[in-house]
Amino acid sequence: MYRFCWILSCLVLFLAVGSQGADSTLTRSDIQAQGKNLFRALSNSNCKIDCSRKKYRPVCGSDGVTYKHRCELKRAKRCDKKKVKVKRKGPCSPTEVVQSSSDCVRERNEALEIARRPTFGVYIPECNTDGTYAGRQCHVTSGFCWCATPDGKPIEGTPVRGKDPSCGGTKKRRQTRKRNRGKGKGKGKGKSKKKKRRKNCKTADKEKFNQNIVQVFTDEYKRAVVDPLALTPDKNKTLAQKVIEWKFDQLDKNKDEILKRRETRTIKRMVRKLIQPKACARMFLEYCDSDGDRMIKKKEWTYCLNTNASSNPSKKIEELDVKRKSCLEERASSLSAQSADPNGGIYIPQCTSDDKYSIVQCHKYCWCADPETGLPLKGIKAILKSNGYPNCNITAERPMPGCPFIKKARFLTSLLNMFVAEMQNDSTASHSFTDNKGLDFENGARWKFKDLDKNNNMNLDRREVKQFRKLIPRQKDTRKCSRTFLRYCDQNTNKKISLDEWLSCTKLSDFGLIVSESPRRTGKNPLRILKAKLT
């Protein structure tokens, strides 16, 4: 329609210019202006909103444009499909025009509009007075902050969590020099070879590494210690524990119970050269420094070299340092706080007779909780208290590596919508659509499995999913979900995906998201209150 209008306006303009004669010539700008007016008149003829009789009462729109009256703004919204609303009465000021036309302000307004809905994890950018992006940007939900350029691009190497990034000019210049230096190295050398990916230090490797390094320390201990009683384990400590503590004391030159970087230089070189596996030897000191302060305390050293390395040492240290309150203690503390502030919206946990948390906890919303810690269980959605209680007996959603629950929901929704659309376009498929979105998704998943299963053996092998891998939706924020989806579906890792595995990995019901049933939440989030009290 628009193309037809444009052609028609060009023909009318051509005839008008021809009728002017040779004496009266039109400039290019005059021709363009007349063409725009004709095109606008033709496109406006299709709009049913008539503003010709309205009085001049200017209003400032959210896009920084001054409209003659509300009717003209309504016309722009309906007919021109502009996302605009009345900002205030009267014409817009020059600063409002500059700000509203900037990408930052536009993105911020869109994010604020989304945040008003029950949406989790929305990033709202910060803008300067001139409409450019602020130098420091933060994502409130994740706690990360980073430095940004005036056009909103994050600066590499600046994201930090829980503290303000250093957004001075020196770091930017340093990064620019690094990139330029890297570009210069590859010139004139043809195609550069791909670097081999370094092997990670897995749990089994860590156990083997700890055994090897403790054995080296034990040999040193036997040579250094003269007392034969010191070489035998006692009731309180094993020989390995004695050796680990002895080595720490030997490295701790100033006896301050802390190993600093200059005290660990020698052992760092020795470990890298002699101890296997190499993947763990490279990260030895970083692994021991669980709190990341570049100093290794005796407690960190002991847990780091524990020969049973099945769990993360930082978690063990946290378990020792932080003693959780029992459910009854937490309840008594909450009741006393509520008596002091009745209108404070204090969360009061529900406890069982054996001093454990009830499986269902409520505070405007109801959710499933861990009986030992009281923390919410991942994989089971919370619902409004007025709508009943959640089903806490279902199995929690299996996590997808590199794809958090919120991104997994977004990825699966787009994937299942694609299945349903393909099934709808397939004339040979016998299907019926219902108002139940979950049932349509399941039918779409079944149809897609049958479509991919060329040999009808009820299993999808590598050859059958090879083409499908290229068709998986690849949005920027769910890229890792796309890469790991097929491996995630193969639960028994036999390089084949059965129908049950396929339906399980594409199932969206009972998914682990906190979904609000009301258009807007009020008050404090009870899950955050609970987390703050228990940590």
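Each residue, glycine too, has its Cβ placed from N, Cα and C.
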Quick test of reading the record: TrEMBL lists a disulfide for Cys138. Which of Cys145, Cys147 is on the other end?
Cys145
From the candidates Cys104, Cys167, select the one that TrEMBL records as forming a disulfide bond with Cys147.
Cys167
Sort out for me which stretch, of 41-94, 324-392, 440-475, has the most Cβ pairs below 8 angstroms to the domain 'Thyroglobulin type-1' (101-167).
41-94
What residues elsewhere in the chain lie close to the domain 'EF-hand' (440-475), defined as a C-beta under 8 angstroms and at least 6 residues from its ends?
410-411, 414-416, 418-420, 422-423, 426, 429, 431, 433-434, 482, 485-486, 495-499, 502-503, 506-508
Over all shown protein chains, what is the count of other CB atoms within 10 A of the CB belonging to Cys167 (disulfide bond)?
17
Within 10 Å of the Cβ of Cys145 (disulfide bond), how many other Cβ atoms are there?
20
In the chain carrying Cys138 (disulfide bond), residues 6 or more apart in sequence that have Cβ under 8 angstroms from it:
Glu126, Phe144, Cys145, Trp146
Confidence summary for the domain 'Thyroglobulin type-1' (101-167), mean pLDDT rounded:
80
List the helix, strand and coil residue totals of the domain 'Thyroglobulin type-1' (101-167) as derived from DSSP.
13 helix, 14 strand, 40 coil
